[in-house]
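For reference, the structure discussed in these notes is given below.
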Amino acid sequence: MDNNEEIIDEESYLDPNETQGEYIIDNKQQNIPDDEDEDEDIEMGEGDEEMQDEEEEDDFVDESIQGFFEHTDAIYCTRAHKIRPELAITGGGDDLAYLWNTITGDRIYQLKGHSDSISSVEFNFNGTLVATGGMDGVIKIWDVATGELKNTLEGPSESIEWMQWHPEGNFILAGSSDSCAFMWSTLKSNFVSSFIAHRGSVTCGGFTCDGKQVITASEDGTMRIWNPKDATTIFNFQNYGFHESLISCLSVQKNTNLVLTAGDDTFACLSNIKSGKVINRLKGHTTSISAVSFSNSNVNFCVTGGMDGSCKVWDIATQQERVSFKHKNTITKILCHPVDPIVFTSSVDKTIQMWDERNGQLIKPLLGHQDGILDFDLTIDNRIITASDDKVSLVFSLKPNPTTNSNNTTTTTTTTFN
């Protein structure tokens with residue numbers, strides 16, 4: 001049996017992390033000041049501006065419990081280890097990746113070898129290998145235990161846009177801005193397939209949950225379903241009823257045939273990759289959609305987030321918006337908890353917010369960054385690892401924190417999700 005046949009024969013599903021916990025719901029009313037009198041024309045002098053800057057610095061809140069501070073440029077990507085929650089990897093604009101300890105904040109290994117920014121990092125299915133993908137068009141495979149470089153995978157002529165390991169095998173798939181996607185066997189260091197048909201950057205994609213097919217989407221507004229054995233197109237989603245411009249993000253629903261895509265045309269599309277048909281368009285955003293995700297706690301829910309900071313939870317059965325919530329700036333990522341009805345969203349507004357997907361209530365903001373958050377991940381022990389434009393990766397605990405009311409007495413309000 002050759003490598004290609006092995007991919008098709010694998011019956012592999014990744015079990016979600018089955019952890020549950022308690023989280024704060026802050027029911028305190030916030031005092032919101034009235035708008036300034038429009039008739040007042042107050043000029044702010046140089047001294048006033050300096051005082052305002054000092055006040056903003058004084059108001060800075062850092063709720064993180066640990067961090068990693070060795071990057072010298074923006075951190076673009078991060079992943080938590082799938083089995084060992086004390087391990088994380090970050091990659092950034094300094095052309096470096098670091099394996100580090102999320103408990104102590106200490107560096108374990110510096111992974112050096114890329115000639116341009118690292119745009120993507122991913123652990124394989126059993127956590128023994130980690131891949132780094134760069135804007136230099138190269139993917140490097142590293143041994144997690146030793147930090148040793150195992151393989152260098154070449155093929156793309158331009159930047160790596162994304163990459164994903166096979167759900168239960170040492171094959172890796174990547175999309176490039178050169179309009180192609182590529183697949184390699186990392187154990188044998190050989191090139192397996194190239195997926196050539198798009199007319200623009202392959203902006204997002206991945207394996208189907210069973211690992212038997214490949215999905216790619218592009219700035220050309222199309223999505224293709226591929227046979228990885230011979231790199232032929234099974235379905236091409238395009239034109240009327242689908243997207244009208246660039247697709248920037250997609251999510252594959254576990255154990256179903258549904259894929260959610262979105263991009264610059266302000267709506268999301270639900271598609272069935274088995275029938276090759278678009279089910280419906282989800283319309284409601286007024287700006288480009290920058291992030292999407294399926295809920296893991298309710299198969300009927302999906303979530304979209306926009307460039308204007310708005311997020312919407314949709315009912316898949318009715319294709320109607322259920323609830324919405326909002327950041328102050330562009331949404332960079334949406335991640336749904338593996339078990340509980342919790343949505344995590346990150347934004348250019350420097351925060352991660354934790355929401356109840358059933359009613360849109362803000363459960364807990366995660367504060368500590370001084371610039372936009374570009375990526376984040378959830379550890380198997382319910383901590384958040386971040387990547388930010390401020391060159392820092394922070395660790396946040398999701399455990400309940402005590403709050404102080406107006407009488408200076410400490411109280412904790414929690415809700416338990418089953």
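In case you wondered, yes, glycine gets a Cβ from its N, Cα and C as well.
Quick look at what TrEMBL lists:
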- 1-13: compositional bias 'Acidic residues' (COMPBIAS)
- 1-57: region 'Disordered' (REGION)
- 33-57: compositional bias 'Acidic residues' (COMPBIAS)
- 111-152: repeat 'WD' (REPEAT)
- 153-194: repeat 'WD' (REPEAT)
- 195-236: repeat 'WD' (REPEAT)
- 282-324: repeat 'WD' (REPEAT)
- 324-365: repeat 'WD' (REPEAT)
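The DSSP breakdown of the repeat 'WD' (153-194), given as helix, strand and coil counts, is 0 helix, 24 strand, 18 coil. Remote same-chain partners of the repeat 'WD' (153-194), defined as residues 6 or more beyond its termini with a Cβ less than 8 Å from a stretch Cβ, comprise 3-4, 6-7, 10, 12-14, 116, 119-120, 122-125, 129, 131, 133-141, 200-207, 209-211, 214, 216, 218, 220, 228-231. Helix first, then strand, then coil: DSSP counts for the repeat 'WD' (324-365) stand at 0 helix, 24 strand, 18 coil.
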